[in-house]
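Visitor: Can you keep this structure in mind? I'll have questions shortly.
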Amino acid sequence: MTDTAQILPTTLEQNPQNTSKKPLLGVNVDHVATLRQARGVGYPSPLAAALLCEKAGADGITIHLREDRRHIQDADVYEMAGQLTTRMNLEMAATTEMLDIACQVKPYWVCLVPEKRAELTTEGGLDVAGQLASLTDYVSQLQAAGIKVSLFIDPEDKQIEAAVNCSADAIELHTGSYAEAGLAGKTDRVNVELERIKNAVITAKRLDSKLLVNAGHGLTRDNVHAIAQIDGIYELNIGHALIADALFVGIEQAVIMMKTAMHR
């Protein structure tokens, strides 16, 4: 039986600095919308899934409103903004259209991510260093609207430094290379990628002790524990693997199982 203390969600009124050593769990429900859009019908509901995730102990809900609207739709964003009881984390590209939507909806978090129309999923981190001036202005506009801003980046010193220079509230470290190495059975590469992530957290905290450090992409119950054990990780955002688990055990149990894997 899972310890109840491990599955209680963190609401907006609770300490946003997460003073416990255990990272929070943000659940991405994009692929509930993927299933819906496959038929172009009104079900299943990403909102209903998100509410069940919160009930089961998710500390936040992540959705990615892509420019091509391949899964999450505008209506989903507005619905969730009015009904979630934890934090909404809206992933989006740094475009004028998305800025307008975010400033209307005012999610608790916006996470800026790169987008390519041909990609199946986000393939890498945002090049903050290469577009520092424009992103600094974009981040400041979101923050002026009362929105906290995270930047999805690869675990590289130059990108972390640029994120700090942008005055971002958080970074989310891309764990895709770590996850892919594990799937390929490349143990040595897994260890290398894990060290990169650990060093990135150290660098981030050295440059700005108040910067929150999240992580995500490709995390599963099999590989999440090593990431969750890294000192300084604030939150893990997990979607595809958790929704896949939900097909067999239900979404509430999938959330509980993921938290158990994180904190075992």
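Placement of Cβ uses the backbone N, Cα and C atoms for every residue, glycine included.
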Visitor: Which of these, G57, G82, G185, G218, does Swiss-Prot say binds 3-amino-2-oxopropyl phosphate at the same site as N28, R39, G239, H240?
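Guide: Only hit among G57, G82, G185, G218 in Swiss-Prot's 3-amino-2-oxopropyl phosphate site, alongside N28, R39, G239, H240: G218.
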Visitor: Fill in the CA-CA distance, H217 (active site, proton donor) to E91 (active site, proton acceptor), as an integer in Å.
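Guide: On Cα coordinates alone, these residues lie 13 Å apart.
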Visitor: Which one of the recorded positions (D30, E91, E172) has its C-beta surrounded by the most other C-beta atoms within 10 angstroms?
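Guide: When each Cβ's neighbours within 10 Å are tallied, E172 tops the list.
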Visitor: Give the helix, strand or coil assignment DSSP yields for H240 (3-amino-2-oxopropyl phosphate binding site).
Guide: helix
Visitor: Rounded to a whole angstrom, what is the largest C-alpha distance between any two of the residues N28, R39, G218, G239, H240 that the record assigns to 3-amino-2-oxopropyl phosphate?
Guide: 26
Visitor: Given the recorded positions R39, H64, H71, H217, which one has the fewest other C-beta atoms within 10 angstroms of its C-beta?
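Guide: Comparing Cβ neighbour counts within 10 Å for the recorded positions R39, H64, H71, H217 gives R39.
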